[in-house]
Amino acid sequence: MALVVEDIVKNFGEGLSETKVLKGINFEVEQGEFVILNGASGSGKTTLLTILGGLLSQTSGTVLYNDAPLFDKQHRPSDLRLEDIGFIFQSSHLVPYLKVIEQLTLVGQEAGMTKQQSSTRAIQLLKNIGLEDRLNVYPHQLSGGEKQRVAIMRAFMNNPKIILADEPTASLDADRATKVVEMIRQQIKEQQMIGIMITHDRRLFEYADRVIELEDGKITD
């Protein structure tokens, strides 16, 4: 299986005020591949990632998953569920009144897991990141790095087929950023997901299978 991006164009506005943000983007990401998107601010990275996640529609072009359009005419996933696309953002966005384990179990239950299945899965993921002793604490009791690790495991809770990460390490120091990206890469490889991450940090490029450079809405050679 692969995610195939074919000639994606995105314009904002109309007429004289029209801005061309993406100008014919083409690339492919295979199952189990971890790809980094890089480029200056305004190059179109976040717009592209937002389109891939179904949060924004393209002006023209097609995104294919498993040889079929990723989204139907109503902009709903056509060959997978919404839960099959996982998002990781720069900020953790944890729910302040939920304990750490609840941040994950509620996601699992909303996706159809039983309470027991969800709990088992959440505990295992939290063990993977060394937070098994923090299951019953609240977000305000966690460090910034711990919050981001919980948010990452929350994105992996439903075994998504596609992971989209937008600057998940931007607020972290170099050591924590490295650990976070190692964690993301490990999950993508172990569960054979399609992974795409935006980052400006060139120190993290070595963890990607491939780096795609964007400039002025186009992929550079």
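Cβ coordinates come from backbone N, Cα and C, glycine included.
Features reported for this protein in Swiss-Prot:
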BINDING   GLY39, ALA40, SER41, GLY42, SER43, GLY44, LYS45, THR46  ATP binding site
DOMAIN    3-221  domain 'ABC transporter'
**Study point:** Lowest local Cβ density among SER41, THR46, which the record lists as binding-site residues, within 10 Å
**Key:** SER41
Check your understanding: Are there any residues in the same chain, six or more apart in sequence, whose C-beta is under 8 angstroms from the C-beta of SER43 (ATP binding site), and if so which?
Key -> LEU214, GLU215, ASP216, GLY217
Exercise for review: Report the residues of the chain - excluding GLY39, ALA40, SER41, GLY42, SER43, GLY44, LYS45, THR46 - with C-beta within 8 Å of the mean position of the site's C-beta atoms, for the recorded ATP site, in sequence order.
Suggested key: LEU214
**Study point:** Count of other CB atoms lying within 10 Å of the CB belonging to ALA40 (ATP binding site)
**Key:** 12
Exercise for review: Check THR46 (ATP binding site) against DSSP and tell me helix, strand or coil, would you?
Suggested key: helix
Point to revise | Residue among binding-site residues GLY39, GLY42, GLY44 with least C-beta crowding, 10 angstrom cut-off | key: GLY42
